[in-house]
Amino acid sequence: MWINNQSSLDDFILLGFSDRPWLETPLFVIFLVAYIFALFGNVSIILVSHLDPQLDSPMYFFLSNLSLLDLCYTTSTVPQMLVNLRGPEKTITYGGCVVQLYIFLALGSTECILLAAMAFDRYVAICKPLHYPVIMNQRRCIHMATGTWISGFANSLVQSTLTMLTPRCGQRVIDHFFCEVPAVLKLACTDTRINEAELNVLGALLLLVPLAFILGTYVFIARAVMRIRSAESRWKAFNTCASHLLVVSLFYFTAISMYVQPPSSYSRDRGKSMALFYGIVTPTLNPFIYTLRNKDVKAALRRTLTKEFWVKRK
């Protein structure tokens, strides 16, 4: 690995995959393709959800929020990763690292709560269908979505501040491909047990509490679905929840394995692979999970594309 000796002492060095240089070109291509797919998939869902009147419902309102979140998620890390994979320098400025750490953590925290809000929406739709328009009215949906974003960014403000204020004694080599809490905290030259305890408590609250809520709502949903006599209606109710459950499983499995553990036990290889999964793979897959399993979204995409085609023809 070659690092420019002229880089500022305030910059951080992101080792990334420098110990395996033969991986850098293939990974550059993979990340670039994944980023393009993530942009295309998430932008498509956002546009279709807002342009198609048949998708004017709380479910698609929250789905468009999830797509916006995933769009920001990948944009906060992937462009910098692509630059570092192709260029001789593997650096990021101090300010860039702070911003990246804060935004990535804020979006991850927001997604924890947003997935819980989406589970509540499915619970009301299936368990209380007659009261659904009243309970999930537009004003309440906006308040719920706003609350998730505010909560996520407030949590990130606390965690990122605690992380960046930890003394590093001049250490600036981060064994990761972007600035993330466990990797940055490994640079600390003091006892970080108090920081780890605070971060673990906040991480557990934002990960395990929403997860417990999601699992609880699906217990009630499963009971309600089993009481439906029509097999076709049962399958339809299950199908509306399957995509959400798959997204929840992908996100929480990797996030819990990363953040509900002491950073001192942080494994660089596992940390990198898990970060790749929930930072790139999951945001790329989410829009396709919803579109491939959702007839309404696929139909809306066809209507939008057909409309654009005829407008151009005229």
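Each Cβ is built from the backbone N, Cα and C atoms, and glycine gets one as well.
TrEMBL entries are annotated by machine, without manual review.
Over in TrEMBL, the protein carries these features:
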- 41-290: domain 'G-protein coupled receptors family 1 profile' (DOMAIN)
- 27-48: transmembrane segment (TRANSMEM)
- 60-79: transmembrane segment (TRANSMEM)
- 99-120: transmembrane segment (TRANSMEM)
- 141-158: transmembrane segment (TRANSMEM)
- 201-225: transmembrane segment (TRANSMEM)
- 237-260: transmembrane segment (TRANSMEM)
- 275-293: transmembrane segment (TRANSMEM)
Contact set, same chain, for the transmembrane segment (141-158): CB under 8 Å, 6 or more residues outside the stretch: 58, 61-62, 65, 102-103, 105-114, 117, 120, 202, 206
Of 99-120, 237-260, 275-293, whichever stretch has the most CB pairs under 8 A to the transmembrane segment (27-48): 275-293
Among the ranges 60-79, 99-120, 201-225, the one whose Cβ pairs under 8 Å to the transmembrane segment (275-293) are most numerous: 60-79
Local confidence of the domain 'G-protein coupled receptors family 1 profile' (41-290) - pLDDT mean: 84
